[in-house]
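Novice: The structure under discussion is supplied below as structure tokens; questions concerning it will follow.
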Amino acid sequence: MSSLLLFNDKSRALQADIVAVQSQVVYGSVGNSIAVPAIKQNGLNVFAVPTVLLSNTPHYDTFYGGAIPDEWFSGYLRALQERDALRQLRAVTTGYMGTASQIKILAEWLTALRKDHPDLLIMVDPVIGDIDSGIYVKPDLPEAYRQYLLPLAQGITPNIFELEILTGKNCRDLDSAIAAAKSLLSDTLKWVVITSASGNEENQEMLVVVVTADSVNVISHSRVKTDLKGTGDLFCAQLISGLLKGKALNDAVHRAGLRVLEVMRYTQQHESDELILPPLAEA
């Protein structure tokens with residue numbers, strides 16, 4: 001094995017601004033398959049750690065793949081430190097997780113990582129389900145999020161359904177959703193961005209609500225009728241990119257929403273069932 005060892009000079013190691021931990025597909029534009037190119041468009045470096053590796057989303061007539069084994073998953077995380085590739089790390093984002101054990105492994109890694117990176121921004125998209133589909137992850141994941149990842153996160157981006165699951169509160173009107181989000185805030189968890197609050201259906205409006213201890217900001221966007229998948233993953237990629245580029249939270253959320261709308265319309269114009277990223281006007 002020693003004869004195969006070529007690269008041992010850690011001063012030459014690639015560095016990343018972001019580690020993105022979520023699903024990956026061979027075909028399609030969800031999870032890291034859309035987040036990584038979106039982050040790179042913003043001029044940031046990212047390492048992608050897969051939680052599941054799938055042929056495509058389950059919305060096609062064939063579907064292959066599954067969750068990454070725990071041994072592999074923990075090894076992927078450990079290898080980033082063994083390569084000394086995290087010296088400039090600024091943020092870790094999480095999306096779709098394959099198993100509750102992955103969440104625990106990730107939390108242990110993040111806890112250790114924060115000792116060397118006390119200012120690390122941890123943003124969690126607690127992917128659990130939605131109003132139309134219900135829970136579409138394994139049933140032990142919501143509790144794993146509550147127990148392991150929420151205590152480490154500075155910000156989370158649940159939809160209404162996920163907010164209800166995490167808090168046990170009804171969130172179908174704006175005031176109750178805001179109250180539920182506030183109940184999650186802590187010394188560590190500084191903000192909740194609700195990505196699908198109730199808007200005006202007649203006016204084709206959708207709301208994104210930014211909740212902090214001191215303020216509530218309701219951002220309205222046009223609703224685009226579509227079955228496109230991966231829009232939430234794209235939103236989170238744009239949001240973390242905006243924050244790392246120095247945008248204030250409300251501005252970063254607003255810009256992320258506008259970018260998602262732009263990508264959705266561009267994709268529709270090109271008659272694709274998978275998101276297509278147009279060039280980014282402002283890198």
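Heads up, the Cβ atoms here are built off N, Cα and C, so glycines get one too.
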Novice: Hey, Swiss-Prot has substrate bound by Ser23, His59. Any idea which of Asp233, Asp251 it lists too?
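Specialist: Within the candidate list, Swiss-Prot flags Asp233.
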Novice: May I ask you to find which of Thr99, Thr188, Thr195 Swiss-Prot records for the ATP site already listed with Asp125, Thr157, Glu162, His221, Ser222, Arg223, Val224, Thr231?
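Specialist: So the ATP site in Swiss-Prot includes Asp125, Thr157, Glu162, His221, Ser222, Arg223, Val224, Thr231 plus, from the candidates Thr99, Thr188, Thr195, Thr195.
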Novice: Looking only at His59, His221, Arg223, the binding-site residues on record, which one has the least crowded Cβ, with the fewest other Cβ atoms within 10 Å?
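Specialist: Output over binding-site residues His59, His221, Arg223: least Cβ neighbours within 10 Å is His59.
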Novice: Spatially, and counting Cα to Cα, which of the binding-site residues is closest to His59 (substrate binding site)? Options: Asp125, Glu162, His221, Thr231.
Specialist: Thr231
Novice: Whole-number Å distance between the CA of Asp125 (ATP binding site) and the CA of Ser23 (substrate binding site)?
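Specialist: Cα to Cα, Asp125 (ATP binding site) and Ser23 (substrate binding site) are separated by 12 Å.
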